[in-house]
Structures are given as structure tokens and as C-alpha cells.
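K.L.:
Taken from TrEMBL, the feature transmembrane segment applies to 27-46, 52-69, 106-125, 137-158, 170-188, 200-221, 241-260, 320-343, 349-369, 381-399, 405-427.
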Amino acid sequence: MKKIARGYTLNECPPAGEAIPLSIQQIVVLIFNVLPVPLLIGGGIGLNAAEITILVAGCLLVTGIATILQTIGAGPIGAKLPIPLECSFVFVAPGIAFGMQYGLDVFTGACLIGSIVTLFLWIVFHKQLSRLFKPYITGAVVMALGLSLCGVGIGYCAGGTGSVDYGDPVNLMLAFGTILIMVLLNHFGRKNFLSKASPLIAILVMSAISAGFGKLDLSAIATEAWVRVPQPLHFGIRFEVGPIITITVLSFFALVELMGDQASAAMLAQNRLPSDRETRGGILAQGISSVISSAFNMVPTISGSANIGLCGISGVTSRFITAIAGVVVALCGLCPKLCAVFSAIPEPVLGGVALTAFGTILVSGMNVIKGSELDARTTTIVGVSLAVGVGFSMVADALSAFPFWVSSILSGVPGTAITAVVLSLLLREKKMEESV
């Protein structure tokens, strides 16, 4: 076997014999970054196995298409940097909330309109909007996201909210066994394939153990076809103002994260900042892929930071390697039988994987805040916005007298984001300095 002795730069396309092995880590990380999104939303709103398989198929297909669009490009669309686009964790909590309150058709409508509105507003007002979303605001929002998702993860560790065996000690044992395997592989397999494949290995091991406790149901796999194109708008589409506002607010932060990831990818690949064309192309790709994702019953897309980090570790920054990963992931979305295998992952095992990821999101938000210049003003903004968003999500009954859309805007990530932006506008730096 030919030894791979060097990395490949941004516009180099490795020969097939090297490209396939180099893309394996990207494929594994990409799939297991996005897989919990449809599984958590589908399970959270009580969909059956066949319906969850439809969500999984749409998620994988869209992630693959979006990644190809971002890396290879089409005219002015696409940054043409090694940046995958994937269905985002940001929309899991609102997906469950809106799905339970209104139905998945309303959530689909909110994602579709929210993606279109966000793309339009960003194209027209990108300079003004960029100034609004300071790093400490983004950090607070990411922290709120991690905190809100940790509750979702714990629910799955216990067996899934509403399940007949919810809270069964066996469920918790399986979940924390999954976490233990991932932690050990990440620690002792640092910077090699074992570390990057730790979610896959943990799922395989703990799913096998789950079968011994009767927690693994593979019956739905036999009834699924080998090949089928996911049906757009399978669950229908309806529109409600509150969910649309919430998704629009969250989509702005997805674009802010994309701009940061574009800078990281360009620095890794060519030790420079992204050009204006790359920035515009990347935003167009994310906006368009978010619209496509909504049409295929999924959430808007976001840039895959973990895969960009892999480029730094491996030294392989070729956008074509990332594009190959996108092709493979898209093909997985065309295989319902494979999607049914993913859907059969026991909820406690999925909860263990998800909880580990959500904890990482929480810490990354803390790091963003830590890297900002914290003074009395920014500390006030971060503290109050987190208190409002996280506080209302912990005590949902406090807003029971208001329409549901009000509570959805004030709770969790949207509440944190809106409060932080409003306070940032109200508390000008001069005024704060004069009052101190």
C-alpha cells in the first residue's frame, strides 16, 4: 500500500488511492456530528421508526449536497474552502418544542421562511448585522445552546422522555458506558483515528450490549428499501409567526459562526483571511443549503467546525477531500436501509453520545467569552442575557400566561440572543464607562 507522506493543499486533488483513505475521518466525523439532530428531534416529538428514518435520510442527503456546494461551488455560490455544511444542533431544542406544540409541518415552514429571510437580510445589511454580533454575544448564545441541549441529552440517557422504561437504571448504565468509552478513546487515542471515530466505536459496543438487555430493535430495517430518494415536504408545511421569528434569530448566529469558520479554514489552508468572494460565496451556500434542507424536512445548516479542526491535525487542507466526504454522506441519505440502522440506535446510547457533544458546545461558548475583553459592560450583558434565556427555559411555567410564541422567543437560545443584542445596543460603552 502506498504510504501517504504529505498533506494536500487547498486546490490539490489527491489520486483516488489516497483520497479515499484521507476522507474516511472526515466522513466519520461528519456523519456522527449530524446524526443526533434528526434522531433527537424525531424521538422528542414521538415519531415512529419509519418517520425518523425519513428525517435521517433527509439530514444525510442535505448535509452531503451542502458540503459539495460549499467546497466545489457553483458560480458565485460556495466558499471553495474545506468547510463542510451540516444540519445544526442549534435547532434541536426549538425543533422539539415547536414539533410538540404545533407539529413538524410548522417547524418545517419556520425553517424554510427563516432561512430565506436570514439570507436576504444578511445580503442587504451584512455590515450592520456583523457589528451587532460581538464575540461575547456569540459566546453567550453558544453557552445557552449547550445548557439547553444538556437537558435534552439527559432525557435520552434516561431512555427518552415518555418511554415506558424512562429512568430505568439500565438506561443510565448504557448511557454512561457510552460516555466512558468516548472519553477514554479521546484521551488515549489523541490525534489518531481512534479518537475521531470514538462516537462510532462507542455506539457499536454499547448497542451490542443493549441487545443483551432487550433495548435494541432492528425490526424496522428489514422493511426498508435499499435505495430511495427522500420525499420533500413529507410532513407537510404550515406557517406560524412565532416559530419563524425564533428560527430567523438562530439562523443569524449560524452565519456568524460560518464567518469564523471561514477564517479558520483559510488560515489553515493558505495562512490568510478569506477573500470577499469566499465570504459571500460561503454565505450564499449556507443560505441556499438551509432552504434545501428545510424542503427535505430538516433544520438549517451550519459549518462543521470539527471537520475543519481535522484539517489542522492532519495537514490535509484539500477542499476535494471534504467534497468526497460530502458525496459519501449524500449517498448514505439515498439508502433507507442504512438510515434505518442509524435510527435503531438505542436512545440511552444516543443520549450518551449527544450529552458528550453538548458538553463540548457548552465549554466552547465559555472559551469564546473568555477570549473576549470582559469589562463591567460586557459582563453585565453576558450575565443578564444568560440569566434570562436559561432562566425561562428552566421555569417554562413562568410564561404560561403568554402565547406560546412569546415563550419560544424568550426562552433558551433565542431569549439569550435577543437580550444580549438589545442590551448591547442600550448599554453603549461610553455610558457604561461614565456610570462606573
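Numbering starts at 1 and runs along the chain as it is shown here.
Cβ atoms are placed via backbone N, Cα and C, with glycine included.
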K.L.:
Please check if the transmembrane segment (27-46) comes into contact with the transmembrane segment (320-343), where contact means 3 or more CB pairs closer than 8 Å and the residues in each pair are separated by 6 or more positions.
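P.N.:
Yes, the transmembrane segment (27-46) and the transmembrane segment (320-343) are in contact.
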K.L.:
Spell out yes or no: are there three or more C-beta pairs under 8 angstroms between the transmembrane segment (349-369) and the transmembrane segment (137-158), with each pair 6 or more apart in sequence?
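P.N.:
Touching, yes - the transmembrane segment (349-369) and the transmembrane segment (137-158) meet the threshold of 3 or more Cβ pairs under 8 Å.
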K.L.:
Most CB pairs under 8 Å with the transmembrane segment (200-221): which of 52-69, 170-188, 381-399, 405-427?
P.N.:
170-188
K.L.:
Flag the pair the transmembrane segment (241-260) / the transmembrane segment (52-69) as in contact if three or more Cβ pairs fall under 8 Å (sequence separation 6 or more).
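P.N.:
Contact criterion not met.
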K.L.:
Does the transmembrane segment (137-158) reach the transmembrane segment (381-399), going by 3 or more CB pairs under 8 Å (6 or more apart in sequence)?
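P.N.:
By the criterion, they touch.
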K.L.:
Report yes or no: does the transmembrane segment (52-69) come within contact of the transmembrane segment (320-343), defined as 3 or more CB pairs under 8 Å with a sequence separation of 6 or more?
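P.N.:
Yes; at least 3 Cβ pairs under 8 Å.
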